[in-house]
Amino acid sequence: MSSQPNPTSHPEAASAASAASNDPVVKIDSLDMEARGVGRLENEDGTPGKVIFVEGALPGETVAYRSYRRKPSYEQAHLVEVKQASVMRVKPGCQHFGVCGGCSMQHLDSRAQLAIKQRVLEDNLWHLSKVKPDVVFRPIAGPDWGYRYRARLTVRHVVKKGGVLVGFHERKSSYVADMTHCEILPPHVSAMLVPLRELVGGLSIHDRMPQIELAVGAEVTALVLRVLEPLNDADKDLLRAFADQHQVQFWLQPKGPDTVYPFYPAEQELAYTLPEFGIRMPFKPTDFTQVNHQINRVLIGRALRLLDAKPTDRLLDLFCGIGNFTLPLATQGASVMGIEGSEVLTTRALANAEYNGLAAKTSFACRNLFEVTAEDIAALGRFDRWLVDPPREGALAVCKALAELSQAGSDVLPKRIVYVSCSPATLARDAGLLVHEAGYRLAGAGVVNMFPHTSHVESIAVFERD
């Protein structure tokens, strides 16, 4: 373990360290949602003073800091020096950590990352909604590195850097990090970052390609090039040669997401697999799919166990996407209805059910679930169990509808809801409605480490109603 912070934890850290003796010191008590260390000063009369948010500091550490933003009740600061290091501090696994904004917690032991994320989840549930789970689930965790199968890479032609940069933004900046590799991307993709820079630099439109979307499937790695001007014949030849050499598939996006099309090789199928269920899921690189394939498989397994559906049950999958949960549920013998707000994803879910021979057990509908009413829910009829997997905005309208139906004495409410969340704040808000107004109890909740080394907190919760 390292007793000093990574010198790249902030661009100013190395130069500032020489003046550390002149900088104020604070004891760090916790981390906030952005993985910043949180400490509190003490006023001269002994009363609690300002809160200090220190980038790169960890709980239990005493650090010297330098403020860059001052407000009456708090300050935001850069880490200058670790005076007393936490036993949780480790050496970051990537040389670009601290400059690149892709990760914020590589300096923290992976087990401690999980513990902190679990605490963030429980704190949100209690402080925002006064809800506690009956049981805290064991965290769902997987590989710490090479897990990111989806990513959006920014492309920027920077004359001062001598050419094109391809990578994530610098931390809290619009600049692109000068990256030669990335430890959270699959190794074969990480190895392509420098060749991609060279490829784009050789194109006639090297300054008219703002981003590259990455989607890795079971056999195919797709790269979607956002092109603001057409490629010429020489450009196309360069792309074909690169695709053959690096075994990738190029897609082009001349305008909005609906204009994406496969360029070369056009005949390859992008798909991910769920081998435990004998399922193959074709998708387009612009479709929403989970970033972390390994965690997704474990998450599906836990969701199915928590639902504990019988073959005679009717199941409802809200925000179903391309059928990530719907189709595995259907393999268990139950009848499943998936509802999704995107027409494109609904169409893909229908096609995937047909592709996997599950059309007879599934049905799909396209509805705006952010504006759903109690009448809309009642019109669906009764489903025994629900799975809800909303985006960061959560499922507020759905939970409000359930609360209204509960208060009206409706019999359409499910006995069990499994809720997969990518925002502890919106999960807490929705849990408050379900528990305090819809008659449910929070039977269990736990974190899902979909994004190791970041402050993103994904989770799974189960609600039960007697």
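Please read every residue number as a count from 1 along the shown chain.
Note that Cβ sites are derived from N, Cα and C of the backbone, with glycine treated the same way.
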- Query: Same S-adenosyl-L-methionine site as F319, N324, E340, N368, D389 according to Swiss-Prot: which of Q253, Q268, Q290, Q294?
  - Reply: Q290
- Minimum Cβ neighbour count within 10 Å among the binding-site residues Q290, N324: which residue? Q290
- Message: Nearest of the binding-site residues to C422 (active site, nucleophile) by CA-CA distance, picking from Q290, F319, N324, E340, D389?
- Response: D389
- Query: Quick one: what's DSSP say for N368 (S-adenosyl-L-methionine binding site), helix, strand or coil?
  - Reply: coil
- Item | Residue distribution over DSSP helix, strand and coil in the domain 'TRAM' (17-81) | 4 helix, 38 strand, 23 coil
- Task: Check E340 (S-adenosyl-L-methionine binding site) against DSSP and tell me helix, strand or coil, would you?
- Result: strand
